[in-house]
């Protein structure tokens, strides 16, 4: 150890620098001085190489103060219960807890439970998928293709009817009636009488046209199409054309009246959008063809349109349609069909507890198939069709799964049909003085008839289940309607629960079970079993 380090002078300087927070350092290339206490300070570095005295100043980071001994001493006396607060799931809690974990748990339980059913189904029945095991008769395919091209002809007949009516409207304006000072011409009694007589004649032709379309298709499907799928597609096509033709006739009727008698109130009632294609300029073949392919049942001379077609979007949506169609076919053949077949003897023997058990078992797979079909039709197919036709309004459905009652469900899950009945049935009846209940009765009665035609005719069994299932929605709507108006969450929860129970258990599964049994009783195993029993009754076996 050197003598300088033991010097009292050096020791005094070191102690003084430590006490005042000043450190002296002499590196090879200069002198660094730090000033300040424990809270930090300024670092000054002076370069003394070659006689230079450049000074660089930096600010040091303050050191974190050490925790005092007093703050760590009394840990066992910390006030844990310092305020009044309710339990997390209590009704008087101030903040609603999140149930995200329970939702994840329900999804896991649902997946695990259905995976067990999948394994059980494979072990019990094996793989039931068979590409060649179909029952498509050649005549069914030929008739189905023939109906596919025949049904739209009735829509074109409606175009020719409206073309004649538009020509008559143009000719009736010459000589033009003398307008009033406001630029309008109110119809006289004679003009109203002539318009009503003309409309009655046009209405008769339209009624004969669309009734022939629906009756002819129903007759051919009932007597000449055996396969239910081909019959259902043909019947759906006929009903769509029937609804489109009715909308085409009613809309042009009002436009023609406004064209012949431009009363101020009626002119103001016409939408601003219609001025782009006023009557009778809309009565063209191109306009009708667009309405034929547009994903809507409501006729308008003009629709909101998009600027271009996104073909990648179209390809994605059509891919979803194909994949979901295969999924529906797989679920129907592998899971739904065994449950339906195993239910036949229970229905025949009226074993009610077994019927309820089969109904609950069928409800799961039927709900999965229905949800896949809903997404394939309303989200994938209609969006692809809307993109191809550049149809702008794509609100085909709303959040019906959150329905707080049956009425909200029927207003939101299938908006094209709902909009048709509201525009052409409910609103006209209300404007003519009918009550809400009477107009709603008419809407659901007509809808129930169409549902029975849609299900009963392809299955060759008009047993009225689809009609009653649709028509009996009226009392259920009346029951759940007060729950929709409640502001409390409990009322809305109860209404949504009633909707799902009636939808998943007492709705589609029961209807599928009844129509499948009726089909088998007429064409399948139940029919053969009944014929065998009748033969044994007539010709008993010898003893």
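The backbone N, Cα and C atoms fix where each Cβ goes, glycine too.
Per TrEMBL, the feature compositional bias 'Polar residues' maps to 1-21 (among others).
What TrEMBL records for 35-47 is compositional bias 'Basic and acidic residues'.
Summarising the annotation, TrEMBL assigns compositional bias 'Polar residues' to 48-61 (among others).
Sequence annotations record features per position, and here TrEMBL assigns region 'Disordered' to 1-70.
Below 8 angstroms of C-beta separation, residues 198, 202, 205-206, 209-210, 212-213, 217, 220-221, 234, 237-238, 241, 244-245, 248-249, 252, 256, 279-280, 283, 285, 288, 292 of the same chain, each at least six residues beyond the ends of the transmembrane segment (145-166), sit close to that stretch. Sequence annotations record features per position, and here TrEMBL assigns transmembrane segment to 145-166 (among others).
Among residues of the same chain six or more beyond the transmembrane segment (201-223), those with a C-beta under 8 A of the stretch's C-beta atoms are 143, 147, 151, 154, 157-158, 161-162, 165, 231, 234-235, 237-239, 241-242, 245-246, 249, 253, 453, 457-458, 460. Taken from TrEMBL, the feature transmembrane segment applies to 201-223 (among others).
Taken from TrEMBL, the feature transmembrane segment applies to 318-336 (among others).
Residues or ranges marked as transmembrane segment by TrEMBL: 367-386 (among others).
The transmembrane segment annotation in TrEMBL covers 439-457 (among others).
The annotation transmembrane segment is assigned in TrEMBL to 493-518 (among others). Beyond the transmembrane segment (493-518), the same-chain residues lying 6 or more positions past its ends with a Cβ under 8 Å from any Cβ of the stretch are 336, 340, 343-344, 347, 355, 358-360, 362-363, 366-367, 370, 402-406, 409, 455-456, 459, 461, 463, 465-466, 469, 476, 479-480, 483-484, 486, 526.
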